[in-house]
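According to TrEMBL, the protein carries these features:
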- 35-58: transmembrane segment (TRANSMEM)
- 51-300: domain 'G-protein coupled receptors family 1 profile' (DOMAIN)
- 70-88: transmembrane segment (TRANSMEM)
- 108-130: transmembrane segment (TRANSMEM)
- 142-166: transmembrane segment (TRANSMEM)
- 207-226: transmembrane segment (TRANSMEM)
- 247-271: transmembrane segment (TRANSMEM)
- 283-302: transmembrane segment (TRANSMEM)
Amino acid sequence: MSSFFLDLRPMNRSVTHALTEFVLLGFPGCWEIQIFLFSLFLVVYALALLGNGAIICAVRWDPRLHTPMYFLLGNFAFLEIWYVSSTVPNMLANILSKTKAISFSRCFLQFYFFFSLGTAECLFLAVMAYDRYLAICHPLHYPAIMTAKLCGTLVSLCWLIGFLGYPVPIFLISQLPFCGPNIIDHFLCDMDPLMALSCAPAPITELIFYSQSSLVLFSTILYILRSYTMLLKAVLQVPSAAGRIKAFSTCGSHLAVVSLFYGTVMVMYVSPTYGISTLMQKILTLIYSVMTPLLNPLIYSLRNKDMKLALRNVLFGMRNSQNL
């Protein structure tokens with residue numbers, strides 16, 4: 001019990017932070033490399049916004065996509081827009097900045113949104129796995145179970161749990177004394193770099209944060225694996241080859257997204273990162289925080305006939321309206 005109070009002692013007294021800002025090193029290099037990276041990330045960001053925005057428009061405007069699966073996909077695309085926006089705009093500004101500085105409050109605000117949106121993404125992927133499990137394993141009961149009310153409730157819970165789970169842990173971390181140095185060798189404010197800059201150890205705070213993150217990560221991935229194991233058994237029992245192909249095609253896009261996101265997140269936050277270079281950690285973070293929102297629209301549109309048709313209709317509708 002005494003160690004608990006010792007851990008929280010810096011947070012219970014009035015702490016004057018010696019640091020008012022942090023320096024995000026990002027991807028150091030000569031000016032030509034910085035301009036290239038700025039142009040590359042700007043294009044990636046624009047494509048991610050356009051791709052996910054197109055999915056939202058398709059789900060909104062095409063009546064054939066007014067089903068629980070596409071309602072979840074539309075919300076997931078909306079989440080991806082916010083997720084990629086929690087890192088890339090600041091990264092672009094940082095590349096052009098001479099000081100590479102980010103204020104104390106902005107750093108922890110980014111920290112909060114990055115982890116809250118990441119948690120919401122894990123929950124959305126689990127809910128989407130539940131939806132596919134019901135649709136394929138219990139097709140006759142699917143309309144009665146996955147109602148609009150249940151679907152809306154699940155989506156609301158994903159957002160609420162994601163954003164209400166981290167205010168306390170991140171507030172506790174922000175109250176730790178940061179007295180220098182202030183250099184973060186990353187392109188965003190993340191847990192490990194921030195804890196490394198703290199002047200006082202906080203094992204209880206770290207335990208709370210990592211326990212919560214691990215609970216979300218492992219519970220969702222285990223549920224997704226369980227759902228798809230049962231789904232695979234059901235698909236293999238389908239008598240017609242065409243039915244099996246259609247079922248695999250429907251779930252293949254979701255599995256591709258799950259593999260891309262969880263694969264890189266597990267390497268970063270579950271496996272030991274001591275032997276991983278700082279550059280590799282940055283690249284892995286780029287994959288799940290920037291490349292995943294970019295690739296998700298491509299994965300879902302290329303493997304889904306209904307989505308491809310809806311996107312084509314949205315595109316042609318925009319062209320026709322411009323011609324008029």
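Glycine is treated like the rest: Cβ placed from N, Cα and C.
TrEMBL labels come from automatic prediction, so no person has curated them.
On a predicted model such as this, the values are computed, not experimentally measured, just so you know.
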Stretch contact, the transmembrane segment (108-130) with the transmembrane segment (35-58), Cβ-Cβ under 8 Å, 3+ pairs: no
Feature contact check the transmembrane segment (207-226) with the transmembrane segment (35-58), CB under 8 Å, 3 or more pairs: no
Long-range environment of the transmembrane segment (70-88) - Cβ separation under 8 angstroms, sequence gap at least 6: 41, 44-45, 48-49, 52-53, 55-56, 59-60, 110, 113-114, 117-118, 120-121, 124-125, 127-128, 131, 148, 151, 154-155, 158, 187-188, 289-290, 292-294, 296-297, 300, 306-307
Integer mean pLDDT for the domain 'G-protein coupled receptors family 1 profile' (51-300): 88
